[in-house]
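Enquirer: Quick one: structure below, then a few questions.
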Amino acid sequence: MAISLGNAFIKNFLGKAPDWYKITIISFLIINPFVFFLVDPFVAGWLLVVEFIFTLAMALKCYPLQPGGLLAIEAVAIGMTSPAQVKHELVANIEVLLLLIFMVAGIYFMKQLLLYIFTKILIGIRSKVLLSLSFCLMAAFLSAFLDALTVIAVVISVTVGFYSIYHKVASGQDPSTSHDHTTDTHVREVSRDDLENYRSFLRSLLMHAGIGTALGGVMTMVGEPQNLIIADQAGWLFGEFIIRMSPVTVPVFMCGLLTCTLVEKFQICGYGTLLPENVRRILVDYDDEERKNRTNIDYAKLTAQALIAVWLIVGLAMHLAAVGLIGLTVIIFATSFTGVTEEHALGKAFEEALPFTALLAVFFSIVAVIIDQHLFTPIISWVLTLNGNAQMTMFYIANGLLSMVSDNVFVGTVYINEVKAALVNGVITRDQFDMLAVAINTGTNLPSVATPNGQAAFLFVLTSALAPLIRLSYGRMVYMALPYTIVLALVGLAGIEFMLLPMTEWFYDMGWLVHNTSEVMSTIAPAAGH
């Protein structure tokens, strides 16, 4: 039976999203103008924020760009904010957009080196505890200098590759032949137990790597997009950012590694599964074959990528240019010295990051509404009436709770804008601002590991082709993240409460930090002029 034109429009709207979700989004779009014009713009603004958080929380039903974008377009259309204000937010955060566009694409052309490193780690270390720590440490180190999304993309590529190699053999086929590894129809009965254990083994490594991106990502200004936003508003460079965060991030890092060891040793929350010996033998044989087939051309590419990695770290550490521009140099160097010159091949590098970049532009549209409607002003004003550590603690908790259900880039951007406005208006001192910026950064990065909604890298894992292969569902991901969530959130809170102020004072006394003056303050004042 032919479908009517009206039903066709409904079916096409938001694609494969459930009908109840489509109806909900349409309801939001109908209700918002009435609330804005007939009730109160302030209430309408908060309603929009809740609706947008809902689209982020339901990211597995529909990617948030479309429903969130429709809400943002309507908000501009009815006057909740203006196109000029949205543009202002985008221009103010151009470095973040450049990071996502160029840095992620740049690392795409270094995947060969990263795949090589992770492969050697996976095969070379037999102890599961040491292997888990290695994956966590490697992901943390890489995320301190690269975008976490990129690091996870590499880990996913490695994991899919190794999964498919064994799946072929378990299905009675040669590893070099083409094979559909998404179905277990041809898996031999004797191999099924090994396959299930292998899935569990890969799940645990993937989660350790994911947590590693959070542990390393919180430490530096380039580890997460919101870090760059916060550093930009505070006028901090690469080294100062690391030092200011260290009273919280170093204890969290150590406790995170301890948690990694304990969950593996005591097999807590789905961890502790060993790599089956049959699987190891197949993987080692495959790696030996790959090594034999590797030519000088391949080794030349690996050498070039290693040298580019050194340039990347030096460029970031010395702040030689905006992070995104350093990413652009990586693209140019990597493609020049590995022979990638076709436009089509270049285009593939941008596929991973551009959807999230577009979503970030929508974030900033919602932030523009929050600023124009003064939505967070009452909350910020109340918190700023608190004394001493209570201010930092409340900011950490508020950021942490919201980051568990919403994207931490969105949360961090909102709070740092409000605190910046308080600084420019003379409500708080520059030293207070620096302390609150640390609380906001750690609050958005650490508790957000609780759910895939908070961390873009986690959501990327859950929506990837790998998740169904290794049976990694939303619920299982939350369950496996639970030990880390508890430890990271509580140790971070303790760091804010007991260590941040005394350690920062010690850094001042040692001359590692200097009290920022009005000269630094003036660098952030223009961005706050709304």
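Glycine is treated like the rest: Cβ placed from N, Cα and C.
Swiss-Prot feature annotations, pasted as is:
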| type | residues | note |
| --- | --- | --- |
| TRANSMEM | 13-33 | transmembrane segment |
| TRANSMEM | 34-54 | transmembrane segment |
| TRANSMEM | 64-84 | transmembrane segment |
| TRANSMEM | 90-110 | transmembrane segment |
| TRANSMEM | 113-133 | transmembrane segment |
| TRANSMEM | 136-156 | transmembrane segment |
| TRANSMEM | 205-225 | transmembrane segment |
| TRANSMEM | 234-254 | transmembrane segment |
| TRANSMEM | 306-326 | transmembrane segment |
| TRANSMEM | 378-400 | transmembrane segment |
| TRANSMEM | 450-470 | transmembrane segment |
| TRANSMEM | 481-501 | transmembrane segment |
Enquirer: Honestly, do the transmembrane segment (64-84) and the transmembrane segment (34-54) touch, with at least three Cβ pairs under 8 Å and pairs 6 or more apart in sequence?
Expert: yes
Enquirer: Take the transmembrane segment (205-225) and find every residue of the same chain, 6 or more past its ends, with a Cβ under 8 Å from one of its Cβ atoms.
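Expert: Residues 96, 99-100, 103, 122, 131-133, 135-148, 151-152, 155-156, 159, 231, 236-238, 241-242, 245-246, 249, 252-253, 256-257, 260, 271, 316, 323, 360, 408-409, 441-442, 444-446, 448-449, 455-458, 461, 466, 470, 472, 477, 480-481, 484, 488 contact the transmembrane segment (205-225) from elsewhere in the chain.
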Enquirer: Counting Cβ pairs closer than 8 Å, which of 13-33, 34-54, 306-326, 450-470, 481-501 has the most of them with the transmembrane segment (90-110)?
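Expert: Ranked by Cβ pairs under 8 Å, first place goes to 306-326.
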Enquirer: Do the transmembrane segment (450-470) and the transmembrane segment (136-156) share at least 3 Cβ pairs under 8 Å, sequence separation 6 or more?
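Expert: Yes, the transmembrane segment (450-470) and the transmembrane segment (136-156) are in contact.
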Enquirer: Counting Cβ pairs under 8 Å that are 6 or more apart in sequence, does the total for the transmembrane segment (306-326) and the transmembrane segment (234-254) reach three or more?
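Expert: Taking Cβ pairs at least 6 residues apart, the transmembrane segment (234-254) and the transmembrane segment (306-326) are in contact, with 3 or more under 8 Å.
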Enquirer: Within the same chain, where does the transmembrane segment (481-501) have neighbours whose Cβ lies under 8 angstroms from its own Cβ atoms, ignoring anything closer than 6 residues to its ends? I mean 6 or more beyond.
Expert: 207, 210-211, 214-215, 247-249, 251-252, 255-256, 258-259, 262-263, 268-269, 388-389, 392-393, 396-397, 400, 435, 438-439, 442-443, 446-447, 449-451, 458
